[in-house]
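Asker: Per TrEMBL, domain 'P-type ATPase N-terminal' is recorded for 44-104. Look at TrEMBL and you will find 77-93, 99-117, 300-322, 355-376, 929-946, 958-978 tagged as transmembrane segment. The annotation active site, 4-aspartylphosphate intermediate is assigned in TrEMBL to D424. TrEMBL lists D424, T426, D868, D872 with the feature Mg(2+) binding site. If you look up TrEMBL, you'll see 478-487 marked as compositional bias 'Basic and acidic residues'. TrEMBL lists 894-987 with the feature domain 'P-type ATPase C-terminal'.
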Amino acid sequence: MRGRRRMRKIRLSKIYSFALCGKGTLEGEHSQIGGQGFSRVVFCNEEGVMQNYSDNSVRSTKYTAVSFLPKSLFEQFRRVANFYFLVIGVLAMTKLAPYTAVSAIVPLCVIVGATMIKEGIEDWRRKTQDIEVNNRKVKVHKGDGVFEYTEWKNLRVGNIVKVEKDNFFPADLLLLSSSYEDAVCYVETMNLDGETNLKLKQGLDVTSSLQDDSNFRDFKAVVKCEDPNANLYSFIGSLEFEEQKYPLSPQQLLLRDSKLRNTDYVFGAIIFTGHDTKVIQNSTDPPSKRSKIERKMDRIIYFLFCLLFLIAFVGSILFGIATKDELDNGVMKRWYLRPDDSTIFFDPKRVASAAIFHFLTALMLYGFFIPISLYFSIELVKVLQSIFINQDVHMYYEEADKPAHARTSNLNEELGQVDTILSDKTGTLTCNSMEFIKCSIAGVAYGQGVTEVEQAMDRKIGSPLTHEQVYGTESESDENRKSSDRKTRIKGFNFTDERIMNGNWVNEPHADVIQKFFRVLAICHTAIPEVDEDTGNVSYEAESPDEAAFVISAKEIGFEFFKRTQTSLSVNEWDPVSGNKVERMYQLLNVLEFNSSRKRMSVIVKDEEGRISLLCKGADSVMFERLALNGREFEDKTLEHVQQYADAGLRTLILAYRELDENEYKEFNNAFYEAKNSVTADQETLIEEVSNKIERNLILLGATAVEDKLQNGVPDCIEKLARAGIKIWVLTGDKMETAINIGFSCCLLRQGMRQIIIHLDAPEIQALEKGGDKMAISKASRESVLRQISEAALQLTASRGASQQAFALIIDGKSLAYALDDSMKNLFLELAIRCASVICCRSSPKQKALVTKLVKSGTRKTTLAIGDGANDVGMLQEADIGIGISGFEGMQAVMSSDIAIAQFWYLERLLLVHGHWCYRRMSSMICYFFYKNITFGFTLFLYEVYASFSGEPAYNDWFLSLYSILFSSLPVIALGVFDQDVSASFLNYTNKECKMSSSAGAGSSAGCSTDSLVRQWFSSFA
């Protein structure tokens, strides 16, 4: 029987604790309402007042019915080749033309018309989508407490709307009330940030009672807030209601295109409409990227224009000479030229004028040097190539039903020219499917698993790791392994240790610390429990895989989190006294959310005995410095274990806590309350300052270690890419030891490879950091990084002649910040590109983008960035090619990428097979195109040599016109779509061809044009 599930009624958002702070105040120097950037005033439920703001209709089309023809024509004739043929078409209407005007204009009309039709079809599809969205229906207040359906496009700022379950929000709304008494609702933001987990929003208490249609009969309020902007996670404003002011935050803002879930209905006031909404403000076009071969092609076009003008000029000079020599004692030598009908175009008495006019005629006659259908053919070929990529079953991930998806076809051939790959680690090289495998509690290491990194490292030294070496005794290992085999595998939990499991932890020397450790895991999070009412089983919806692993691990050890309300959490805990599980409820006072700068998360709770505790988990780089003097009892052992876990490729977090007295908490809560309710742009900074003060003097409990397993095929893929001559950089936020060991397990680092490690862990730097002199720290750190880079460069130079040993560069985040400085970045890049592999540890999203930009601009070679999370977006957009992994961290990376794939190892086929084919096809096609046009143009030129440069064509008018667009285009297009110089199986097992395609310059401009000229020259004398 299918179990009925019910979602527990609370979801913590990034600003959840705001809801717990009570009523806000707007007094103080931080208020910016009414100032620059905060000028919007919304009169709620007052019809006709807000007409000066934009309506709610949206338009994503490039053209309108009126602008399509002129704008599309302008776009077409911005291309030099098209403009040239337009001029030729106009000149063809004069007597200068060597052929009829119709035959000159028809090819141009065909190409321009076909492109305009393509543009029109694409724009019409966007138009139909706009019509469908604008005509969606929603209930709006019409007055007297009556709500009626109306179309989205008719909505105006200030309207009160009623949105029902599973419907999208039609505009950016201020949440007033919902079907829940406390005005909470659940929102899915899949269309905004790609995240499928539900987020909780909550209206103000003062409007939460407006739960019926009739309540809005006399409702009036004024909202003053920030102007429209693109920041999805920011909203600053105030609500004036019943002569009182109330602060507003992002928790009250419902964004357009997000969907209402698990809530029957909500009432909201429209704040931003149409193109003022945050989702539309974010819908900017991605950076325009053009392939190198396309840019080279432009240079070939300009070269052919120069050649065309040169031939026309030479022809006009020779024509003038021939015309001048035509008279013999006043009599024309060639009677058949009808001297009695001679005009200015052929008049021996006006040679200069005749030569000038002949120059214009020659420009038209030799215009076939310029391939009129080249751009259109290339676009068509690229689209067809993209279809082959999308339909490649070898890049289809059946488990998630995700095929490869080329989101742009402009860069197909660039895939075959990649020189450097810059990759994220978590979720890209690894599965981002975390498993709790080990932990350190009270200085004692628990957990008896062997990680993939340990296995890989052991294989490197040639001695398989035995269980006895890892676990201790053979009998203990066998017992644990059998116990593990008997138990059903639980996702997120791969922990085995009889000292902890089955309630045995109560017999450990530090049982009280173990209890607090797993209590932190069970409480310090933002997960939502989901209970199957039939079986009673609890599952969790968490914001990240590692958070889910922590909650599941706590449950398996005996601390089952099963219920959350707005102000409390309930946990079934193992009672060491009775030996049974007892239900405990903790009052949730505050949540201090995790972010990339804080690197930690805390909750403040009050237990049933009235004790107030702060529970904290975070990175070791920020946690150890926050420990109290009396809270460092297990610090040395914990540091030792953390180092061992990092060596094993595990991700670690430090757990700590502290007790708070009532007065201390009240002081913090008042300050936190003021910071959360300050209506100011630096609200987050104020919250950070208050949080820092309370997250001090912590007592260390221990450390967690979770394993993020490598994706299937990653080591083989990296090895093949390296053999193909592609350099691979890994940019990760992990510790250096973790990154190095993951590097070995995925074959990025190999046995015998010499490591160059740049870091700022020198004793003199650490001594300065303890002193706190920022200027001295910065100066010493800069000098240290510069010295290490210089010494490494000398080491590389010295070893070049001695051996062919490969080098790997590993640099930490602090050092990288200095290495990317303008005065040092070129030295750093010069060192890095001489290394076979590069690992940048503790990298921030900004550093990832800066490194990518440096490699792209410094090497001037094709760079490819690959990642799966929002922190990789800058890197993907900065690279020549951005590859998004459609994994578990939402769709931000995919939405910002050029090509999306489901697994990292698909990169092997994408680059080595499709990249090679597309590059060879495109370069051969372009060479073929120029060859056939130059052949045709030189044929006409050679004919003119024997025809006294008379300007007469060698072929029929229509044959001339249709040669490029009909007679010779299809074979070239077929070559660009179907040609395979080598098979996929050959490319998969041999990387020699891949190196050739990257270095031989098959698509170079000089190669194409020179080859065509030489072939034509010899064929003309054949």
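Each Cβ is built from the backbone N, Cα and C atoms, and glycine gets one as well.
Locate each feature and note its surroundings.
Answerer: Listed by sequence, the residues of this chain that lie at least six past the ends of the transmembrane segment (77-93) yet keep a Cβ under 8 A from its Cβ atoms are 99-101, 103-105, 107-108, 111-112, 301-302, 305, 360, 363-364, 367, 370-372, 374-375.
Cβ atoms under 8 Å from those of the transmembrane segment (99-117) belong to residues 72-73, 76-77, 82, 85-86, 88-89, 92-93, 364, 372-373, 376, 379, 953, 957-958, 960-962, 964-965 of the same chain, restricted to positions at least 6 beyond its ends.
Remote same-chain partners of the transmembrane segment (355-376), defined as residues 6 or more beyond its termini with a Cβ less than 8 Å from a stretch Cβ, comprise 79, 81-82, 84-85, 88, 91-92, 96-99, 104, 107-108, 111, 114-115, 297, 301, 304-305, 307-309, 311-313, 315-317, 319-320, 323, 344-345, 926, 929-930, 933-934, 936-937, 940-941, 944, 949, 951, 953, 960, 963-965, 969.
In the three-state DSSP scheme, D424 (active site, 4-aspartylphosphate intermediate) falls into the coil class. Under a cutoff of 8 A between CB atoms, and with a sequence separation of 6+ in the same chain, the neighbours of D424 (active site, 4-aspartylphosphate intermediate) are V730, L731, T732, K848, I866, G867, D868, G869, N871, D872, M875.
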Asker: The domain 'P-type ATPase C-terminal' (894-987): mean pLDDT?
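Answerer: Across the domain 'P-type ATPase C-terminal' (894-987), the average pLDDT comes out at 83.
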Asker: So if I exclude everything within five residues of the ends of the transmembrane segment (958-978), which remaining residues of that chain have a CB under 8 angstroms from its CBs? That is, six or more out.
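Answerer: For the transmembrane segment (958-978), the list is 99, 103-104, 106-107, 110-111, 368, 371-373, 377-378, 380-381, 384-385, 388, 921-922, 924-925, 928-929, 932-933, 936.
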Asker: Determine the Cβ neighbour count for T426 (Mg(2+) binding site): the number of other Cβ atoms within 10 Å of its Cβ.
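Answerer: I count 25 other Cβ atoms within 10 Å of it.
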Asker: Around the Cβ of D868 (Mg(2+) binding site), how many other Cβ atoms lie within 10 Å? Please give the count over every shown protein chain.
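Answerer: There are 31 such Cβ atoms around D868 (Mg(2+) binding site).
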Asker: Near the Cβ of D872 (Mg(2+) binding site), how many other Cβ atoms are there if near means within 10 Å?
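Answerer: Result for D872 (Mg(2+) binding site): 32 other Cβ atoms within 10 Å.
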Asker: DSSP says what for the domain 'P-type ATPase N-terminal' (44-104): how many helix, strand, coil residues?
Answerer: 26 helix, 1 strand, 34 coil
